[in-house]
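Over in Swiss-Prot, the protein carries these features:
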| type | residues | note |
| --- | --- | --- |
| BINDING | 109, 110, 111, 112, 113, 114, 115, 116 | ATP binding site |
| CARBOHYD | 64 | N-linked glycosylation site |
| CARBOHYD | 165 | N-linked glycosylation site |
| SIGNAL | 1-24 | signal peptide |
């Protein structure tokens, strides 16, 4: 309130001074000049002033690539493919002012491997409020689309929600969690918004971002990771080309993927299928350390080892990968 009062006072003072100065010149000319300057100043400063007090949609604000890269490298563990592809995809999309379609990413892997976490990182790098932003929209299948008999209702509601929010902010972000629990057919309602149209009913969707999160394909990803491990090869040697084709076909043919026989895949509207590899023992320890730092506690390696040792690993013989990733690290750390 003090800032607004100060602003009002300074405006009144400026008007008073302008009136005194105007008295020394020809009234009409000075009046026009003052009016023009006032209009220009108001036009240039109003938006910045307004956005100090409320969240604004900055569609053309450049992405801080260095900050995103640092966040991905320091906060996401064991996911070299996801880090590389997300950074490349977001940077390229935001730097391209003439994108032909919205950016559409499909993230796949077992629970606890970092899919939700990376969507949070992306949201925070696009909008300071992250997932709490008015321009970031999170849908959870079991919460927002629970009933199979209401598919048509959900499709209509989804279209209206996306249409309304993109018309308000062209660079809105839409995140769909638990795609593997989404009833097939619902997601096809947004197909027109993801296609190569300049506009749909007068609205352009070309600056929007759509992110799908799914456990579907986790078995295919794990098989590839295991094959590399058993061949004595490092997981960092796994490339996107080793997994993306298998993922897209596997998800398309999986009745429990939410993208089963979806036009989004059939029409190649998903830009990247991003695999999240199963996490190893060393990655779980990294998660524990990160959680301890986030809580403001000193890292105790005995506690780190103790928490990691409590996790269960698979396959039965090799015991390489955590079956819950880092998902239960927070709750387990509470008991130490």
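Placed from the backbone N, Cα and C atoms, the Cβ positions cover glycine too.
Under the DSSP three-state reduction, residue 165 (N-linked glycosylation site) is assigned to helix.
Taking CA atoms as the reference points, residue 116 (ATP binding site) and residue 165 (N-linked glycosylation site) are 22 Å apart. Calculated from their C-alpha atoms, the gap between residue 165 (N-linked glycosylation site) and residue 115 (ATP binding site) amounts to 24 Å. Annotated pair residue 114 (ATP binding site) and residue 64 (N-linked glycosylation site), C-alpha to C-alpha distance, rounded: 21 Å. Shown in sequence order, 215, 324, 325, 327 are the residues of the chain, 6+ apart in sequence, with a C-beta less than 8 angstroms from the C-beta of residue 111 (ATP binding site). Counting only residues at least six positions away in the same chain, the Cβ atoms of 279, 322, 324, 325, 326, 327, 328 sit under 8 Å from the Cβ of residue 112 (ATP binding site).
In this structure, 64 is the one among the recorded positions 64, 113, 116, 165 with the smallest number of other Cβ atoms inside 10 Å of its Cβ. DSSP classifies residue 110 (ATP binding site) as coil under the three-state reduction.
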